[in-house]
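First the structure, in the form of structure tokens, and then the observations on it.
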């Protein structure tokens, strides 16, 4: 993972220096340069571990919830899943504000400690005699609260890199986050070998099994992360040209550092970028949510087949995202971040347009008057439940196909598998492009001033999108079917593209806007 920053590190820190000019007398020493990139790499690791903390238990929450509390239903499962994003949404502005006025070590260490404590609590939710589901809800909410440090990570990296280094560093950050989401379920699968029973340490009432081992690993990695931050992380801030700036949240700034440039931030560009980021995460969250119900309805896949095949598809999209993140670093130097962002939204629109049902072939109808677990009839939790449902629970796979309760099944053409896979590939290209470009541009718009609060609001908008996206698509898909659902998504993307076109010229770096450097 350390190699992710090499390309950015090899770029010249300052260009076109004029000898004798006071503006370029303040250069970065080799020691400062190495310390700065060590600190940035530590935060790459922190971002990776934060995303692993979310995904490492995502496949086992439902069976564990059923095991510890028989009163838990699919509706409550939805709250457990959403609690992570809710906690992150609340915490992000708080940690961001904290990081603006104090050394970034403080909110980072506190947030990671909260996540460690929350993981330990998750390992003990089986102990209380009753209300176990609420302990799990609280534990997952606390893990999300700790993950609010994403705002601190992004603001630190934005403040510790020049404009020339920014896109590469942000792409590396996103790549680490994507790797965490990919590898989390892989770790969970490995721990499945332990089994449900596992081993019990009676003295401290600790059960180590397939449900608790992943979070205990997460807690251990969190402690290691805290140690690395204490030992290696240093406060660094540079301006858009790469010169050292005075740190408003640093213990003692040296006398040879330049002051943070003054000037107003373009609030229109700030709000517009928050909206763009919200739409990016909203669209991908709803796509992830609808994959399993859609494939079970259209291709008559069993629950077991859907979990396997859709898991492979989503894992492939994760690998594709990492490749895109790496390629973006090169492409952005040739055509710029704004062009990539616009192109990414266009690719996403094409992906959802391809998903629209066409032709005269209809999906197989599930005539049996039985409940189909693939369809979220009332709650978000009932969508997610299909990811954990096992055929062994009912001793039968039950009926397959599009359930008769959904009237649209009779008159909506099926979405062919080639259609679906093509769409998934395009969305897998457009999403990471829009994701990294939106907050790269955001950091450049904000300039060299402390960005903690602003990054907190950006992270909060992303968390809100991950909550609202699944609810939006589940209701539309169940009631009106894929044609209306994906048509409305296409409409949302078109409106977003229009917004981007309107504010396109305003999405420029702080220093460019104030005429300090050329774009």
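Glycine too: its Cβ is placed from the backbone N, Cα and C atoms.
Not measured: the values here are computed from a predicted model.
The feature domain 'Major facilitator superfamily (MFS) profile' is assigned by TrEMBL to 39-508. Per TrEMBL, the feature transmembrane segment maps to 42-64, 76-96, 108-125, 137-157, 178-195, 215-233, 268-287, 307-328, 340-359, 420-442, 454-478, 484-504.
Here the transmembrane segment (420-442) has Cβ contacts under 8 Å with residues 154, 166-167, 170-171, 173-174, 178, 270, 273-274, 276-277, 280-281, 283-284, 287, 291, 294-295, 298, 313, 316-317, 320-321, 324-325, 328, 332, 337-338, 340-341, 343-348, 350-352, 354-355, 454-455, 458, 507 of the same chain, all six or more residues outside its ends.
Packing against the transmembrane segment (108-125) from elsewhere in the chain are residues 46, 50, 53, 57, 68, 91, 95, 132, 135-136, 138-143, 145-149, 152-153, 205-207, 212, 215-216, 218-219, 222-223, 225-226, 229-230, 233: each is 6 or more residues past its ends and has a CB under 8 Å from a CB in it.
Residues 39-40, 43, 46-47, 50, 53-54, 61, 76, 79-81, 83-96, 98-100, 104, 107-108, 111-119, 121-122, 125, 169-170, 173, 439, 443, 450-452, 454-456, 458-460, 463 of the same chain lie 6+ residues outside the transmembrane segment (137-157) yet bring a C-beta within less than 8 angstroms of a C-beta in it.
Of the ranges 42-64, 76-96, 484-504, the one with the most Cβ pairs under 8 Å to the transmembrane segment (454-478) is 76-96. Within the model, the domain 'Major facilitator superfamily (MFS) profile' (39-508) shows a mean pLDDT value of 82, rounded to a whole number. Same-chain residues lying 6+ beyond the ends of the transmembrane segment (76-96) with a Cβ under 8 Å from its Cβ atoms: 54, 58, 61-62, 65, 107, 111, 133, 136-138, 140-152, 155, 379-385, 451-460, 463-464, 466-467.
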